[in-house]
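Please read the structure below before turning to the comments.
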Amino acid sequence: MAASELYTKFARVWIPDPEEVWKSAELLKDYKPGDKVLLLHLEDGKDLEYRLDPKTKELPHLRNPDILVGENDLTALSYLHEPAVLHNLRVRFIDSKLIYTYCGIVLVAINPYEQLPIYGEDIINAYSGQNMGDMDPHIFAVAEEAYKQMARDERNQSIIVSGESGAGKTVSAKYAMRYFATVSGSASEANVEEKVLASNPIMESIGNAKTTRNDNSSRFGKYIEIGFDKRHRIIGANMRTYLLEKSRVVFQAEEERNYHIFYQLCASAKLPEFKMLRLGDANNFHYTKQGGSPVIEGVDDAKEMAQTRQACTLLGISESYQMGIFRILAGILHLGNVGFMSRDSDSCTIPPRHEPLSIFCDLMAVDFEEMCHWLCHRKLATAAETYIKPISKLQATNARDALAKHIYAKLFNWIVDHVNQVLHSAVKQHSFIGVLDIYGFETFEINSFEQFCINYANEKLQQQFNMHVFKLEQEEYMKEQIPWTLIDFYDNQPCINLIESKLGILDLLDEECRMPKGTDDTWAQKLYNTHLNKCALFEKPRLSNKAFIIQHFADKVEYQCEGFLEKNKDTVFEEQIKVLKSSKFKMLPELFQDDEKAISPSSATSSGRTLLTRTPAKPTKGRPGQAAKEHKKTVGHQFRNSLHLLMETLNATTPHYVRCIKPNDFKFPFTFDEKRAVQQLRACGVLETIRISAAGFPSRWTYQEFFSRYRVLMKQKDVLSERKQTCKNVLEKLIKDKDKYQFGKTKIFFRAGQVAYLEKLRADKLRAACIRIQKTIRGWLLRKKFLRMRKAAITVQRYVRGHQARCYAKFLRRTKAATIIQKYWRMYVIRRRYKIWRTATIVLQSYLRGYLARNRYRKILREHKAVIIQKWVRGWLARTYYKRSTHAIIYLQCCFRRMMAKRELKKLKIEARSVERYKKLHIGMENKIMQLQRKVDEQNKDYKCLMEKLTNLEGIYNSETEKLRSDLERLQLSEEEAKIATGRVLSLQEEIAKLRKDLEQTQCEKKSIEECADRYKQETEQLVSNLKEENTLLKQEKEALNHLIVEQAKEMTETMEKKLIEETKQLELDLNDERLRYQNLLNEFSRLEERYDDLKEEMTLMINVPKPGHKRTDSTHSSNESEYTFSSEIAETEDIPSRTEEPSEKKVPLDMSLFLKLQKRVTELEQEKQVMQDELDRKEEQVLRSKAKEEERPQIRGAELEYESLKRQELESENKKLKNELNELRKALSEKSAPEVTAPGAPAYRVLMEQLTSVSEELDVRKEEVLILRSQLVSQKEAIQPKNTMTDSTILLEDVQKMKDKGEIAQAYIGLKETNRLLESQLQSQKRSHENEAEALRGEIQSLKEENNRQQQLLAQNLQLPPEARIEASLQHEITRLTNENLDLMEQLEKQDKTVRKLKKQLKVFAKKIGELEVGQMENISPGQIIDEPIRPVNIPRKEKDFQGMLEYKKEDEQKLVKNLILELKPRGVAVNLIPGLPAYILFMCVRHADYLNDDQKVRSLLTSTINSIKKVLKKRGDDFETVSFWLSNTCRFLHCLKQYSGEEGFMKHNTSRQNEHCLTNFDLAEYRQVLSDLAIQIYQQLVRVLENILQPMIVSGMLEHETIQGVSGVKPTGLRKRTSSIADEGTYTLDSILRQLNSFHSVMCQHGMDPELIKQVVKQMFYIVGAVTLNNLLLRKDMCSWSKGMQIRYNVSQLEEWLRDKNLMNSGAKETLEPLIQAAQLLQVKKKTDDDAEAICSMCNALTTAQIVKVLNLYTPVNEFEERVSVSFIRTIQMRLRDRKDSPQLLMDAKHIFPVTFPFNPSSLALETIQIPASLGLGFISRV
């Protein structure tokens, strides 16, 4: 169809805008050919008349449908033009936060100015191995494509990263190299990839600086070649640099900095090792302070310095060289501070002892005077003479700056060269991937020589890019057999010719530099004369004669000629260089070595190294002046040569393009400036790619994709079986113009706009279908609503009428009730009124009568009170008079008595002076003292009596007081009763006086009491009401509190339960984490072990072939050393004969182990001898005590005694031999030193040889013992069966004679060994029987002791009884004892009878078998053969019922057993035909027999061989699921058998009694159980890896890409990336494929008898892998995040859940592992608009992290135009709601995570004695015991 037909009403177009570059608008009416004006409606609501260009009449660009906006590939857009590209990039960058977008073969990367979590190890693993078009655009996808094409096509690759300064080129290149280092790894242990990455910090510090556009701008270009070997592993790297900006060393613009390394040095100046550099703050140096911005926000220069030094150390730059570098850099800073003083206009000088120059000379180790001289002078050489000329101050300053730049450039070259030397590999390079990080097109207000070179390089790169894009388009058309014509694209070859051809700009510049008086002005004039008006791309500015304009592919650029010549020459005074070369500082002359020899054409800052894949040119021997000539090559010439070399390299590789875009000039995160973006898109060639694509057939669909997308436009009759023909028929109907599309072999090609037209038809068809569906559904809904309303109206009417009838009946009832109520109410009112009147009358009468009575009472009371008062007053007056009289009389008496006493006192004083008086007084005093003493005693007695009386009186008083108190209380009660019953008070005369006293008081108080009563009554009523209210409130509060308490209890219970559950979960998580950590360590140990084995094999291959006579190491011993480190006992289990066979190779530890083993064996034999001796003594005593009983079986007992004596003699003889051997060995070891012990002639060697001889002698002795035993057995046989007439001695002699004759000694020896083994087994059984008998005897002794104690107690009791009772008790006790003994004897008799009957039956059976055997032999064998065959009566086969569940094998057959049962066993046959776990049962039965024999060496050897063999099988066939599953099952079964039969009570609960008899008796194999558990963990991890490798290719195709529900997912247009050669055909995998594979896994595990719990864990791991891989791909694929894809995922998950139900595995935890995937699918389908939707999403997606939820919402893409995109505000709402959620910031799930595995104990019910060994296993050499 015509393009103009698409300009219909509501069509959206793009119109130019000066601010936004392009603005969207909508047509208000259809466009008709010939219209000059379009009526448009802008998005801001304004209407606009857009006038068409009258000349071109070009219509505005059409806008793509919304469903195509935000596509991963810009070539997938239907309309390919500048506004569509710009809008798509803006939507992806601003709305979806996606910084990468494909544009055909170009990856467009927009700098987000923010750290994004999209570069972790998980993202690298997700992109590794993926096809480029299958995942979202990413720098890792480009790196993976380059790596894959290098490995597949065997062709070198290049990644070209370009863009403006600050666009992120360096970071993109760094991430690409990091990807290669992570994915490929290094071929050696030197960690080359780490060194490659470590070069970045060094190059950034010396080559990056802060500019106004970028804080870390690369001021040089670099091309890094990463070399790979044949296995595609990194082996080395090489770096080439281009055009270092040397001018920055001496000058920086405003807000810019010098190179980072200078500021890092200044920030670290205080370090002790940097004190010698005499540095300080950056503002103190001229070269670092010019920009005025010495600090970058958020960057710590001191830390950066530490990282730089660490990187230098990693790259092998020693500390001395590092300090040398820092000395040179510090010297440059001090050189910049050197100042000059003018003497005149043509000369200058440096002040004497100038400190900066002095420091510079000290650091550079050069002479101060010489350097000072040549900084102010120069040497001029002419043909005749050479003279020195002073220079001006300006010239000296320029010369100083030139020297500083030259030193820095040389140091830069030296560091690059050293880095290349470190990264260079001695291994031959097979291929390489180059990463080109080069400057993009630049244009500033003032453009100079640097910008000219940069733009020249971009012209060359753009030419190469255009040719590559055109080539790819041409290849695509030819591959699809589409007729094509040449596409007209911009060719910038004329611009390149203008610059580099003969008489071009560079040629004229070099020519002018060679002229003696050449200047920038003369060079400009030459340019004007040569190119002006002759070349359309060269122009001259109107207002300038010192500038020129070049029309580049991106834009016109005006260059200022000033400085071109100087920068091109790059001259430095030779004398200054010579001074530096003469430095004593060794490193400084190294920097200038290249000046003395020819340098190959390279850049100004090139290291001089060639490509790793190129052969370096041989050094040419030229004339002496050749070096100087080569050195004089200009910068432009060198840059041109290096650029040609770079283009040759790029043309020889497959390029991949990364275009970095700077979104704004202010470094704001996720801010998009359309103007700046368009400039860069035009400059980097993205729009040119779009134009080339749009010129042909940009939209391309496979036939299947087209059919799936546009099936709605077809009718049923149009659908044919062949998709290609169907598409052709439909397109011919839909698009009439056949030039608009072409049919290829596999794709349909559309011109621009045709897909949009088809999308419009599809949308119209879907819209019409939607309208029809809506019409039908709305009619059905309204009809249903009407019927529902009609039914509701009828129902309402019915209920209303019924309600009215009920209301009328209620009214009648109420009227009748009201009449009755009125009647009774009126009667009640009248009656109540009458009662009130009557009550009032009675009250009045009572109050009146009471008033009169109270008056009378008051009168009587007053009279009574007056009488009392008079009585008391008169008494008081009488008493007062009496007291006054008494007081006066006493006072008179006292005065008289005092006078008389004074007189008597005088007399006494006179008498006292005489002696006689004293005598008389003394005589009288004694009497008085005695009298006084008696009086005191009497007074004391009286006092005591008084005290007693007082105490009694107090008691009486207290009792009286209590009585009075009680009387008072009783009186108070009686008073209350009197108050209540006043009538009774009047009748009681006893209380009349008291009532009269209280009458008045009562009357006055009565009123107050009544008032108080009334008030109290009111208060009480009020209080009662308040209390009722409070009670009600309290009840409510109580109920509320009870409810609250219940709720709190419930909450507390729930909280405790939740806390308990959380703690339990936390403990489980901790346990799982610990288990996972242990199993990861085990996995790492296994990996290191395999690595060790591989290295060991490599070392074995590298070492020469072993010499003849080299010892054969025991496999068991070597495997022990390599696999596990057991205890010392395990290391001592080597066989003694094997040691004696190889004495020359044995070392001292082996002899010591032999010594220790012999010592241990001697100790064991001594202990066994002592035990046997004790047992024999006890047996002899028992025989003497029970001689009568033994007479019944004399022959059997005699045989047993003989056997025991033989055994004792044998043990004693063996003990003596071992003691002798031990003594001899000790003597031999003590005679000489340890190193000489193992020599062939050493005593130890002789001892071992003598031991071998003694063993052979012992064999002969054993033969004789066996003959004796045989004779005894034959004699017993003759007693049972007297038919035999031949004696054993005769037979044996004949047998021996015939064996000697026939050479059958070896067979006899084997027979003797078997006999010995049989005797040992009999000895073991006899030992066990003796132990049982000893235990029984101990029990009898204990019972006898108890009986004795009981008897003593009874005796003690009897002694206390009277004689008669004592006799009776003893008789009773004796009767009881005899009865018990009788019962015991009867039981023993029954047991003996049973034993006798059993023995008789056995004798009959044996006799019958012997008879049958003799008859059969006599019938089948000739008489001669009868004589030849020896009779071996001891080898009677056991009956089947006596089988004990053990398997016997010979020691030498161990390797054969392991080989047949493990190494060469095919799991398929075993799993199908035999019982599950049969190898495990067989191995355990062999272990049981070794345990039965008490052979620790055999047990260790078997278990170690088993473990090593299983490992060997898994290493050999570790990628086969059946093999790994089979051995996992058998290892677990073997482990369970070791537990079940270990004898531990915890493992014996479920055993039968027979199984308990089969428990191990001699060895505790707990350590081996741990080893087997670790082995099972390793096998489980290997099984998971095998599962993952099998499922990995199926998951994405089956779970995401395949349409399980046909027609739901709409296929959107795909871009160029879907057509890359790396796309693999993965359409064969569907969900059914996954389910079939799961069924296969499950059936195999069930056939192998794997534990159900282990199967559940495997299934859980499988489902986790499926869920994790699916979710990770969903998070990295924007085309999969749609509503329909969510439905597909949920359906697929439901099918997986159905599979779990069918297999009864719903409780395995597998479903829970799919929860993140389920929630992601639900997130794709739920509404995403309102805050309620956001809340629902936050509560629903609890298994997804915040990063995953936001990522899915950002990636959500509508497939149909009816769907809506998720708004940015909604995503921000989600982020705000989830900001408090604490989850992992990691975006992707760890698909490699393995859940910790456990092996729950699962005992087997299978009886060991019932197991049969099939002949197919080839185990005929083992026998059942």
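Every residue, even glycine, has its Cβ placed from backbone N, Cα and C.
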Select from 643-665, 896-918, 1241-1263, 1517-1539 the stretch of residues annotated by TrEMBL as region 'Actin-binding'.
643-665
Other CB atoms, at most 10 A from the CB of Ala167 (ATP binding site):
26
Cβ within 8 Å of the ATP site's Cβ centroid: which residues qualify beyond Gly163, Glu164, Ser165, Gly166, Ala167, Gly168, Lys169, Thr170?
Asn111, Asn214, Ser217, Ser218, Gly440, Cys660, Lys662
DSSP-wise, what's the residue breakdown of the region 'Actin-binding' (643-665) into helix, strand and coil?
9 helix, 8 strand, 6 coil
How many other Cβ atoms sit within 10 Å of the Cβ of Thr170 (ATP binding site)?
23
What's the number of neighbouring CB atoms sitting within 10 A of the CB on Gly168 (ATP binding site)?
25
Entry from the binding-site residues list Gly163, Gly166 having the most other CB atoms no farther than 10 A:
Gly163
